[in-house]
Amino acid sequence: MSRKPLIAGNWKMNLNHFEAIALVQKIAFALPDKYYDKVDVTVLPPFTDLRSVQTLVDGDKLRLSYGAQDLSQHDSGAYTGDISGAFLAKLGCTFVVVGHSERRTYHNEDDALVAAKAAAALKHELTPIICIGEHLEVREAGNHVIHCEEQLRGSLAGLSAEQIGKVVIAYEPVWAIGTGRVASASDAQEVCAAIRKELASLASAQIADSVRVLYGGSVNAKNVGELIAQDDIDGGLVGGASLDGEQFATLAAIAAGGPLP
């Protein structure tokens, strides 16, 4: 099955709503509409930017989509500081990241919570980008594939085969995030292939073949081509490079198969 590449820009805790508008405008200007037939492009701003991004995307009829970096497992109630999937859906979000390593590390989120958040996203017709990945000591011990398979199972626990078919998986080796280090294309392919095999056992081979598996970890315009050329890598969850409109547009154009804009 042919899977359309997805390039997702995770802005993390960067850019106020004025800066968000400027960046989306720059991406839209740098990446002509013709590329969107071959690649899906989404930006993932902070919560406080979403309304401004929605207004711009809708008003200018831009073809890129947008989403959020997290959501609550709850729909509403006395959960101070939380943001529900219902709120994100009302803002027109398409995607939402769950289980990013920074959430797992700094907020002690475990696989059970990630699975609950993924279910909450699907309930509100949002596509969860479910993140998994190993720390350096796990890779150096040679346990990276087993670790990621276990994390995947835990993060999908309770989801039906049909629901699994609606998610995106992002493999993000923790040691490569924001460090400038990047897994080699063959290293990334090894884990992404194992992820797809595990998806087949959890759902079906047909569903596994339809799910997009992204690589995240210092993705940029220089390495995305080699990464996305791998059989089981369908795009990138992009961090720092997504804050540069021209580089992000170039990265998306490469994922679309070129030529450069």
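Every residue gets a Cβ built from N, Cα and C, even glycine.
On a predicted model such as this, the values are computed, not experimentally measured, just so you know.
Per Swiss-Prot, the candidate among Ser155, Ser201, Ser218 that belongs to the substrate site alongside Asn10, Trp11, Lys12, Gly178, Gly239, Gly240 is Ser218. The binding residues for substrate are recorded as Asn10, Trp11, Lys12, Gly178, Ser218, Gly239, Gly240; their greatest pairwise CA distance is 14 Å.
Taking the centre of the Cβ atoms of Asn10, Trp11, Lys12, Gly178, Ser218, Gly239, Gly240 as the substrate site, the nearby residues of that chain (Cβ within 8 Å, site residues left out) are Ile177, Val238, Ala241, Ser242, Leu243. Comparing the binding-site residues Gly178, Gly239, Gly240 by how many other C-beta atoms lie within 10 angstroms of each C-beta, the top residue is Gly239. His100 (active site, electrophile) and Gly239 (substrate binding site) are 12 Å apart (CA-CA, integer value). The Cβ neighbour count for Glu172 (active site, proton acceptor), using a 10 Å radius over every protein chain in view, is 26.
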